[in-house]
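Asks: Okay, handing you the structure first.
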């Protein structure tokens, strides 16, 4: 290009001015770039980025690369995901509770083990979701749910006629003992670990773990309803104040969708329904909103891990081919239905109903639901079926969804009884010694092992017995009793009279752990859970006697100077403690024991179902609530 000489301007002068302008523009451009770039490093960078990014921009998100050990240190079960931490006690990590992931689960990963899909989240979908979430949050703070109307629809007072006290002095004494255990566990948590997630009673300090995405106070939220129903009001008020003033939901960490839902959302929901305190409700809905981005997958099946700040989600690094876990995505229904009830926003219920729709459509091998499902393709990843870890609470939530709907959710009922029929045909076995147990199914081959987690199934089958086909109702109740008896046997055959993590029925063994890695007990509730349900269904005194055996064993082997601790070997004469007081011990184990020794009208099964963390959620009586609204309108007119 040729520059023509301007009149009155020398070539050197023009060059100088151009150079000055160029430097000025360069400086200005750098300043603007620096200012805009800095916005992305501010604490609330996600919201700021949303301002500047196009709504149609696709953001690549790398699927989690967390190792299996990372996840195990994090998970409680799915019924553990409470699920996946290093399940070998003694390393100081919190043990996973719901689907427990054993070495066998590790072996089930595909070759290459960390096969995970690259996840892309549509920004336009995310923005649409945020708009709906905003609506939900507005609705949650409006008068969409009338607590007094809800109370009027309960058949019995939540706390019973006399706070659940029984007419039998011996039973009341046992109940008071359980209450003392709860106070002891709580007082030590408060003294040494207040605000942390769990107590380490041997070292007298707190534990945060990595499964709650930066959320704190898991033991506090998990204990709210237990403290309340036990009448420990000073302790409850301390917990209530902490939740109101110190539970910060604006965390920016990686959380288990399952664990946050069952412990935090479930705990806040039950606290609201028991007390009517609005901030419990508002926090439950707010936290529920933060979980919604996990559902942004091609199938609507949520991924197992979510960053509560950014909304990014991914699958567990140990899960086969980046799959989602049955017991995780199948254990959201109860809580999300109630979130819709309380917020008047349908998005929560829609998310879990889309899961059910896909599960109804997909082919099931022999009528069974395998544990791993791809959230991308919607196909089963492998054919491993378990009623214990990785599968358990999915089945529990089917029958409880039916019961919680006031027996109007016919789809849940059909799915539950069809699954139970397949379980009976393929998994239920009888040992040479006459013990009934639930085996695991691996592509058509039975593994004659039953996990402690699977022992919840006695109670599950029991509460569903009355609504089965008339000719099978007694059969289901008998099956429930047989499974509960087998789980009791796993306790009585150990030195400590506490049950191992898993027990086998092969090579001459019956209801006994044959592997060193299966011998630990981490204060799990499932066996006691079935005792409680079977007592309420049959009033056979043996269930209360078995529960008292568990109390004595916990006191002898798990109680330490500053709380309760799991043990590494239930067959050892001298206890070796794992230094962890699990939050589910306060939420489930002690609550179920207290209910076992209480009158049936304390949290009556006619009014309440328990989520998989033992948080009571009320049966939704739509007709009653609608009648109340109609009556109010008539009076006002």
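The backbone N, Cα and C atoms fix where each Cβ goes, glycine too.
TrEMBL labels come from automatic prediction, so no person has curated them.
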Asks: In TrEMBL, one of 1-21, 22-42 is tagged transmembrane segment. Which stretch would that be?
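Replies: Going through 1-21, 22-42 one by one, TrEMBL gives transmembrane segment for 22-42.
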Asks: Per 10 Å Cβ neighbour count, which of the active-site residues 392, 501 ranks highest?
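Replies: Answer by Cβ density within 10 Å: 392.
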Asks: Mind giving me a neighbour count for residue 259 (active site, proton donor)? Other Cβ atoms within 10 Å of its Cβ, every protein chain shown.
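Replies: Other Cβ atoms within 10 Å of residue 259 (active site, proton donor): 33.
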Asks: Which one is it: of the recorded positions 259, 526, 612, whose Cα lies the shortest distance from the Cα of residue 501 (active site, proton donor)?
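Replies: Going through 259, 526, 612 one by one, the closest to residue 501 (active site, proton donor) is 526.
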Asks: Would you count the other CB atoms within 10 A of the CB of residue 612 (Ca(2+) binding site), including those on all shown protein chains?
Replies: 33
Asks: Rounded to the nearest angstrom, how far is the Cα of residue 392 (active site) from the Cα of residue 259 (active site, proton donor)?
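Replies: About 14 Å separate the Cα atoms of these two residues.
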Asks: What's the CA-CA gap between residue 612 (Ca(2+) binding site) and residue 392 (active site) in angstrom, rounded?
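Replies: On Cα coordinates alone, these residues lie 10 Å apart.
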Asks: Between the Cα atoms of residue 526 (active site) and residue 392 (active site), find the distance and write it as a whole number of Å.
Replies: 11
Asks: Provide the number of Cβ atoms within 10 Å of the Cβ of residue 526 (active site), excluding the reference atom itself.
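Replies: For residue 526 (active site), the count of other Cβ atoms within 10 Å is 28.
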